[in-house]
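> Sharing the feature lines straight out of Swiss-Prot:
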- G27, L28, S29, G30, G31, I32, D33, S34, T141, K170, S192: ATP binding site (BINDING)
- D33, E146: Mg(2+) binding site (BINDING)
- R121: deamido-NAD(+) binding site (BINDING)
Amino acid sequence: MKHFVNPCIHFIQKQLQERGFKKVVLGLSGGIDSAVVATLATLALGSENVRALLMPSLSSNEEHFNDAFNLAHNLELESKIIQLAPFQENFAKQEGMDLSGKYMEKLDMNQKMRMGNFCARIRMTMLYDCASADNALVLGTSNKSEILLGYGTIFGDLAYAINPIGGLYKTQIFAFARALNVPQEIIAKKPSADLFANQSDETDLGYNYADIDTFLEAFEKLGGVEATQNKEREHIKEKLKNAGFECNMIESLSTRVWNNTFKRTKPTILEYKV
């Protein structure tokens, strides 16, 4: 994966030059994706031009926060800690949510998802405010697997100016992280969006990333991402079945990709002809 390093560095440098910026800002969660992007940005621009925001929520894993803090320190990044608790408490009060308990266990699953998405959008608000204050661009940290599956919050973590890793599947990110010497404790941990306590990507998605990415590669090669007609979609499902993928996986993951198309496209605008 070392051959990806220079193209990613060049991409960041070129995008900033073309847009007239010198600095970037990103959210640093302690996860592997943001660690890879922070490392790439530092290599591309120098640590003095990269700012990291650490934005833990009430249910954030302390280990994740510590990993983010240590990485920012090791990369010599200017960093800022923004606690999301006050925003969450106000939101919960308005919506009648009970936040008592260490891990918000009194919230039902729908409320947990709403709170998680709310936090993702508050984080992006903070990132864009910081970008405005610093005359910087917001860097995205979503990988290709997440983007295709819609596993992210629209106008939350899926909102950014540029993204150097959005063309890499999650399994490629792991290899990339090792090539960049990202700390092993970050590489080894279970992938988690940290939307609520004890949440993990692979539990949510129902499959491990190795299997997911194998499926997505085959799905994409068959034109599945662009398929819009039911007949075409059924034909793709049949081909995937013949390729050895089990029916439940085909149905689950293809439905995720198709149902979340709106997250990958610009808002639809009705155009009037004069």
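Cβ atoms here come from the backbone N, Cα and C positions, even for glycine.
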> Using all protein chains in view, find how many other C-beta atoms are within 10 Å of the C-beta of E146 (Mg(2+) binding site).
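Its Cβ shell of radius 10 Å holds 25 other Cβ atoms.
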> Using other CB atoms within 10 angstroms as the count, which residue among the binding-site residues S29, T141, S192 scores least?
S192
> Quick check on the binding-site residues: of G27, G31, whose CB has the lowest count of neighbouring CB atoms inside 10 Å?
G31
> How many whole Å apart are the CA atoms of E146 (Mg(2+) binding site) and G31 (ATP binding site)?
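Counting only the Cα atoms, the answer is 14 Å.
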> Residues with Cβ closer than 8 Å to the Cβ of the residue listed as 'deamido-NAD(+) binding site', same chain and 6+ apart in sequence?
T153, F155, G156
> Max CA to CA distance in Å over the ATP-binding set G27, L28, S29, G30, G31, I32, D33, S34, T141, K170, S192?
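Binding-site diameter by Cα atoms for ATP: 18 Å.
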> With Cβ-Cβ distance below 8 Å and at least 6 positions apart along the chain, what are the contacts of D33 (ATP binding site)? List them in sequence order.
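In sequence order, the residues whose Cβ lies under 8 Å from that of D33 (ATP binding site) (at least 6 apart) are T141, S142, N143, I165, I173.
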